[in-house]
Amino acid sequence: MEGKEPKPEDPTMRTALLVINCVILTVGNSGGSLISRVYFVHGGKRIWFSSWLQTAAWPIYIFIMAGAYMYRSRTTEPTSENKLFYMKPSLFIASAVIGILTGLDNYFYAYGVSLLPVSTCNLILASQLAFTAGFAFLLVKQKFSAYSINAVFLLTIGAGILAVPTSGDEAENESKREYTVGFLMTLAAAALYGLVLPLVELMYQKANQEITYALVLEIQLVTSVFATAFCTIGMLVNNDFKVIGREAREFDLGETKYYVVAISSAILWQGYFLGGIGIVFCASSLLSGMVTAIQLPILEILAVIFFREKFEAEKGLSLVLSLWGFLSYFYADIKKLKRRKRLKQMKETPETDMKSVELPNNLDTGV
């Protein structure tokens, strides 16, 4: 097996990839959210430019794929199957469509984060889980338990509490109208990305070729290229390229740090997107949405520390409901794992010893 792409059904490799992608997504989401807000807080005003940065670091994937290709070339015998690109035309088209949707989603998110505090923005984005769950049910026939439904409900209610702004939550010189627009744009971003994740899972299921992690990198490359192209058109229409230099010189933190913020944002957001579709590859779109949502407490704390945002009662209640939803979801997963372990024990136990095995109340694999 040396030098070959691991099979998707390899449980050890799947678990390792799942953990790695969870870490990548966590770092990318937390860092990207904070850096995006830094851009707007300190004088940045170009929404299309901010959305463009979220996928502009796509050349990273070319270096990763080239490195993997060179490694395979050195460790395996030359064969026609050792390619740099594996993607078939149908998968390319599907990835391109998802890329355009991602570009639009990036614009919605950038618009929202330009108007809302980080803590508020990310609490609203927790509603993405509800959209992911709904679209996953419709598109990939995702099965739900009472616990997962409870989790989605609580997270949705938690985000809904923030629909009404409080006096301490509005940014300086920001009107209630701007808050409402920011809320709606962020909610639109949550809804659209809630659609994108199940679409990625559906694409994996319908692909007429084996989905490997190398192919996942190709999919993310194509997705990022088309998302960047979509936002580039927006920048051209909005004349963003003409004013970036002036905006950098007028940036509160200085011109050098302006470009540091831009480059850091681009790299971190690529981690977020790669981690997201990587989790879909290893598990499901619903779990990818859950891993994103469970980072709420981290982002809330970081927003208070770095931006000194206020933490009103409404945010506290929203956070409690969100945490309750997380615990409900993972409690269901724990019960499912225990049930599968008992079923496996029953299958491996000889019939003469079956009396000594404690039978579960429900023998199916659901909750």
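The chain as shown is numbered from 1 upward.
Each Cβ is built from the backbone N, Cα and C atoms, and glycine gets one as well.
The feature transmembrane segment is assigned by TrEMBL to 16-40, 52-71, 91-109, 115-140, 147-167, 179-200, 212-238, 258-281, 286-307, 313-332. Residues annotated as region 'Disordered' in TrEMBL: 347-367. If you look up TrEMBL, you'll see 347-356 marked as compositional bias 'Basic and acidic residues'.
Taking every recorded stretch in 52-71, 115-140, 179-200, 313-332 and counting its Cβ pairs under 8 Å to the transmembrane segment (258-281), the highest total belongs to 52-71. Relative to the transmembrane segment (313-332), the listed stretch 115-140 leads the set 16-40, 52-71, 115-140, 179-200, 212-238 in CB pairs under 8 A.
By number of Cβ pairs under 8 Å, the transmembrane segment (115-140) is matched best by 286-307 from the list 16-40, 52-71, 212-238, 286-307. When Cβ-Cβ distances under 8 Å to the transmembrane segment (91-109) are tallied for each of 16-40, 52-71, 286-307, the top count falls to 52-71.
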